[in-house]
């Protein structure tokens, strides 16, 4: 009896999650009356706005990932190696973006960096793009830091560093040839999570008025019927592809025990 | 100045004074062990030589050059760690080649040196393996090859055998010593295992409380321990209370007997001292003329194969003695009354 109840609960849970998706997918295929078709997808993919905003968000994601890796890997490494006592503080700081809403962060940015501020970053397109990238990096920080920190904990950072130093290596070489390759799986996990966050982010891009994918989805959703459903399916596919890639990368590392 | 010269080294972490006025001069090609219990400062001394710790005071010279303020990657030292510390993302060959690549050695020479090192440690066929595919002993041999590939001036070994099982430890011990002698490389070896220190080293530094208690050959350290700590830490020991009667000739009173050590004792006449004796120095039965003879009753007999370890009660004072096992002579029985002889040569006066 309890077993049946357990399976029943699981089934109910699955239906709760899967039904809306099936409904959405079904709806996205129903643009042509009476038959299933990919018309909604065709319209979305052919829309120059889709291509432009998607490309913009991809490029932003790429820069966010590069910036995030350059910021997080050395920081996590340094904290682990030289300042283990500071770890709780750094962990707390990296978790802040989870409790501070994006809208608060972006308002703070706009107040601080507007054209009459001391650093008028919103005064130019490039400046605003950079500001948005910092915002994205902040949003992705909890995921990126946690992934990299976990990766670093699986290796003996201190001894490996000393071994490399005794062989004449400097910091740059240690970071590039030893630390980064050993946490590559973790870094890529963080990178794909960042990609998923940046692709779907709305608040920051909308308030900084940048032509990103998130605001495009919102505009489309407010004005069209079938296309937003197709877009949502595409966004899901991208997120799932990212998760699949995380799995694949962590399995493909040659130097790790299978 | 010696090839590797450590002068008045001091190291404190806040109020914790871990190394105190440590002095050591090591000649080129010498194998010196730092032996002591955990917390005695031996690893800190090694890490200061390696450049991983900055001395609070004192100087370190390698080959005439003051390296005290140099970073570890500027010292040209090779280091082997207890935890192997092989780079997990690199193959065995790439690990060995790492230091050469850093030094900018040409590809052809690197390949040649890697082959030479791998055959030196007997792992010529395993160049393409990753560290996780090797056993602990193999990993440590690769770590040794990696440290030696850059032809360092000094090789530092930080308890490299501690993580291995007994059999591999013994064979690797011989291998390390033989490679060290073949290459003639100046080596400092840190260990808490007296057997390792005594069997491998040219000289042993016995450390306690951040100081060098004694620096000497394994034979000297074992047979003529300078302090009570050295005597108790290295090997097993019997101790007796005695009174000095003539410090110049080393005449002391031990129970009812007078013993002439024939070595001066650094204590005043009438001073109470401790006499120490190794278990293998005492013999069962009447010994040579001049030996101290004591009567005792056997309380324990341990048959250890080549050696039989006997404990006897000398009227409230236990004495341990080792004799060789001989097929023709069965070991004594528990409760048997025996005569035990202590040769004056084997008795060491411990003053400090």
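Note: Cβ is positioned from N, Cα and C throughout, glycine not excepted.
What TrEMBL lists as transmembrane segment is A:7-29 (among others). Using a Cβ-Cβ cut-off under 8 Å and counting only residues 6 or more beyond its ends in the same chain, the transmembrane segment (A:7-29) has close neighbours at 36-38, 40-41, 226, 229-230, 232-233, 236.
Marked as transmembrane segment by TrEMBL: A:54-77 (among others). Counting only same-chain residues 6+ beyond the ends of the transmembrane segment (A:54-77), those with a CB under 8 A from a CB of the stretch are 90, 129, 132-134, 136-137, 140-141, 144-145, 148-149, 152, 157, 175, 179-180, 183, 187, 190-191, 194-195, 198-199, 201, 205, 210-214, 216.
Per TrEMBL, the feature domain 'ABC transmembrane type-1' maps to A:54-247.
Per TrEMBL, the feature transmembrane segment maps to A:89-112 (among others). Beyond the ends of the transmembrane segment (A:89-112), by six or more residues, the same chain brings 75-76, 79, 118-119, 122, 131, 134-135, 138-139, 141-142, 145-146, 149, 201, 203-204, 207-208 to within a C-beta distance below 8 angstroms of the stretch.
According to TrEMBL, the transmembrane segment annotation covers A:124-145 (among others).
According to TrEMBL, the feature transmembrane segment maps to A:183-208 (among others). For the transmembrane segment (A:183-208), same-chain residues at least 6 beyond its ends with a Cβ under 8 Å from one of its own Cβ atoms are 54, 57-58, 60-61, 64-65, 68-69, 72-73, 101-103, 105-107, 109-110, 122, 128, 131-132, 135-137, 139-140, 143-148, 150-152, 155, 214-215, 217-218, 235, 238-239, 242-243, 245-246, 249-250, 253, 256.
What TrEMBL records for A:228-249 (among others) is transmembrane segment.
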